[in-house]
Amino acid sequence: METGERLPGSLKEKAGRPLASAESLCPIPLREGGEPGCWEDAWPLQPEALHMCLFVEVNLINEPLVIFVCATTGQGDPPDNMKSFWRFIFRRSLPSTALRQMDFAVLGLGDSSYAKFNFVAKKLHRRLLQLGGSALLPVCLGDDQHELGPDAAIDPWLQDLWEKVLGPHPVPLNLDLSPPGVLWPSKFTLQFLKDTPSSGPEELCAAGTDPQGPPSELQPFLAPMVSNQRVTGPSHFQDVRLIEFDISGSGISFAAGDLVLIQPENTASHVQQFCQALGLDPEQHFTLQPREPGVTCPTRLPQPCSVRRLVSQYLDIASVPRRSFFELLACLSPHELEREKLREFGSARGQEELCEYCTRPRRTALEVLCDFPHTAAAVPPDYLLDLLPLIRPRAFSIASSLRAHPSRLQILVAVVQYQTRLREPRRGLCSSWLASLDPAQGPVRVPLWVRSGGLTFPKTPDVPVIMVGPGTGVAPFRAAIQERVAQGETGNVLFFGCRRRDQDFYWEAEWEQLQARGCLTLVTAFSREQEQKVYVQHRLRALGPLVWELLDGRGAHFYLAGNAKYMPADVCDTLLSIFREEGGLSDPDAAAYLAQLQRTLRFQTETWA
C-alpha cells in the first residue's frame, strides 16, 4: 500500500519487504473493519500485513496496544467483516476493567453527507473507554466529502499517533528504518503463458450459479436482460432506465427493501487504451501467483486468465486514483521529470495540487497513466494489482416484487454523466455500462446477486407505512407497495417528488391505478412546474395532521430514500415541526420522539451520496 511519508520506516524491514507475521510486524495489532476498498488506502501497510495483524477477539484483553480502522455502513451499522467483533466488544458480561492494560486509537472512515457519519468509529471509541482502555488520541474522523479526502484528517492524526506510540512501545530490535520511496515487492507475480489455453476456464468460471447455494459475489448469476427502457422524457437532463432481468432458475429470492449487486465492466475502448499505454497484449494469458505465504489470489479471477479479461472485468481503470497510486507510480517510474511530479502528488505537502489535478476534476487512473506515458510504459505487469483496485460491485434497490413480477427483477438506474473542466464527460462505470446494453440487439447477460438491504417493512397486518421517495429514491417503495398490495395491505402513503410530471414521473400510470383501487395514497411534488419550487418536505408539512395521526395514532412506520445531500435533513426538520405543531411537543420531546422512532425501526432511511 502506501509508502514514503505516510509509512513509518519502523514498520518495514531493511529490504522493504512486507513482514511475515503479526509477531514480527510490530507491537501494534490492527483491527480493521470495512468493506473492501475503504480502509486499505487509509492505513499505510501492505494489505497482507494488515490481515496478518487480525486477532481472535478473546486475545484482545492481552494486547498492550491496538489501532482500530473502521468504516460505517447502512444506518450506522458495522461492516460485514466487523460484525463478529462488534458483538464481542458489546457483550454486557465484559467487565469495566477488561481493557485496562490497553492503549488504543481509532481511525474512522466515513462520509459526512450521511447522518450517521463515522458512527461506528465514535461508538467503538466510547466502548473501549468504558472497558478501561486508554485512548492515545481522540478518534480520527476521515471524511470522503473533504476536498482532500480522508487524508485531510488522517495525515496529522498519524503524525501525532506515532509520536504517542513509539515512546511507550518502542520498535522491536529486529526491525530498522527504511527510507521513504523504497519499492515493496509486488503482492503477486504474473506468469505469462507461451500458448493460449485450449479449454475455456474463463467462461466456465463465469457461467451459471453455485449449486450449493444462492448466487453470490464469488459465483454471480448471469441474468438475461429482458428490457432496458428509458423512462425520462427526451428533453430531460438525465437518462434514467428501468431495467428488467430474468432470474428464472437462479435460486434468487428477495423481499422489499433488498438490494441487487451488479458487477460492471470497463468499456472496450478504455481496455484497448490501457493495454496500449502499458504495452500489454490483451490476448496473452497468464497465471497469478502470490509472493508471500498466506496471501490468496482474488477469488473471482480465473486461472489462467487473459489480459483482456483482467483489465475489462477486474481492474478499476475508470476510478479516481488515491494517493497511494501516485506513490507507487513514483517508485516505478524511470523518467526523472515524471517521477518528481508523481512524488509530489504522493506527498503530504502535495495534496492541494493533487486535489486540483485529480480529485476535483475526477480524473481517472487511465487518464493519469496517459498523462505520464514514460512511467505507464515501464509499469511491470506484476504490479497491476498493487497499482489498481479491483472493480467493486454496485448496489441498486430492487424496484419490483416477486409477487407482482414472478421470476423477474427490476431496477431503476440513473445514468451518471457530468462535466468537469476536463474535455471528456465523467461517466459512472456501472450505470453507463448498463445503459449501453441492448437486449434487442442480441442476448445480454449481467452478473448479479442479491443481499438484504437497509429497509425492512412491517410484517404485522394493518400497520400503515409512510414512504418519502423523491426521484429514483422511489425504487424500493415500488417493491414494497407491490408486495403489500398483493398481501391486501392498503395503508400505503407515498410522497413522490420530481421536476416535472411529463419528464420524470416514474410509474405514473401504476400509481394512479393503485390510487383508484384504494390501495395507495399518492402525494406528489413537481418542483419546477411553478415559480416557487415545491419539494416533498413541503407536501409533508402541508399534510402534517395526517402524518401525525398515522405515526402517533396508528403506529405507522416512516421510510425515506434518496439523495443524502439535503433532502434527509430537510425531511427530519419537517417531521420535528410536525411533532411540535400537531403533537404539541416541546423541542426536546420532539427530538426524543424522532429518536424513539429510529430506535424501534419505525423510522428508516436509505440514502446515497
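Backbone N, Cα and C define each Cβ position, glycine as well.
Sequence annotations record features per position, and here TrEMBL assigns domain 'Flavodoxin-like' to 1-162. Annotation source TrEMBL lists FMN binding site at 71-74, 109-118, D144. According to TrEMBL, the domain 'FAD-binding FR-type' annotation covers 218-458. The FAD binding site annotation in TrEMBL covers R362, R394, A395, F396, S397, G428, L429, C430, S431, W608. Residues or ranges marked as NADP(+) binding site by TrEMBL: T472, S527, R528, K533, V534, Y535, V536, Q537, D570.
Overlay of TrEMBL annotations on the structure.
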{"residue": "D111", "record": "FMN binding site", "Cβ contacts under 8 Å, 6 or more apart": "F117, D143, D144, Q145, A609"}
{"residue": "S113", "record": "FMN binding site", "Cβ contacts under 8 Å, 6 or more apart": "Q145, A564, K565, A609"}
{"residue": "A395", "record": "FAD binding site", "Cβ contacts under 8 Å, 6 or more apart": "L259, V260, L261, R451"}
{"residue": "S397", "record": "FAD binding site", "Cβ contacts under 8 Å, 6 or more apart": "G257, L259, I411, L412, G453, A475, P476, A479, A561, E606"}
{"residue": "T472", "record": "NADP(+) binding site", "Cβ contacts under 8 Å, 6 or more apart": "V240, L412, V413, A414, Y506, G562"}
{"residue": "R528", "record": "NADP(+) binding site", "Cβ contacts under 8 Å, 6 or more apart": "R499, R500"}
{"residue": "D570", "record": "NADP(+) binding site", "Cβ contacts under 8 Å, 6 or more apart": "Y535, Q537"}
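Straight-line distance linking the Cα atoms of A115 (FMN binding site) and V536 (NADP(+) binding site), rounded to a whole number, equals 19 Å.
Ranked by Cα separation from R362 (FAD binding site), the binding-site residues A71, T73, L109, V534, V536 are led by L109. When every Cα pair among T472, S527, R528, K533, V534, Y535, V536, Q537, D570 is compared, the largest distance found for this NADP(+) site is 19 Å.
The binding-site residues under consideration are A71, L109, L429, V536. Their Cβ neighbour counts within 10 Å are lowest for L429.
Looking only at the domain 'FAD-binding FR-type' (218-458), the predicted model's pLDDT averages out at 95. With a cut-off of 8 Å between CB atoms and residues at least 6 apart in sequence, the same chain places A525, F526, S527 near V534 (NADP(+) binding site), listed in sequence order. In terms of C-alpha distance, the listed binding-site residues A71, T73, L109, V536 place T73 closest to S431 (FAD binding site). Put simply, V536 (NADP(+) binding site) is 30 Å from L429 (FAD binding site) when counted between their Cα atoms. Of all residue pairs in R362, R394, A395, F396, S397, G428, L429, C430, S431, W608, the annotated binders of FAD, the farthest apart have Cα atoms separated by 26 Å.
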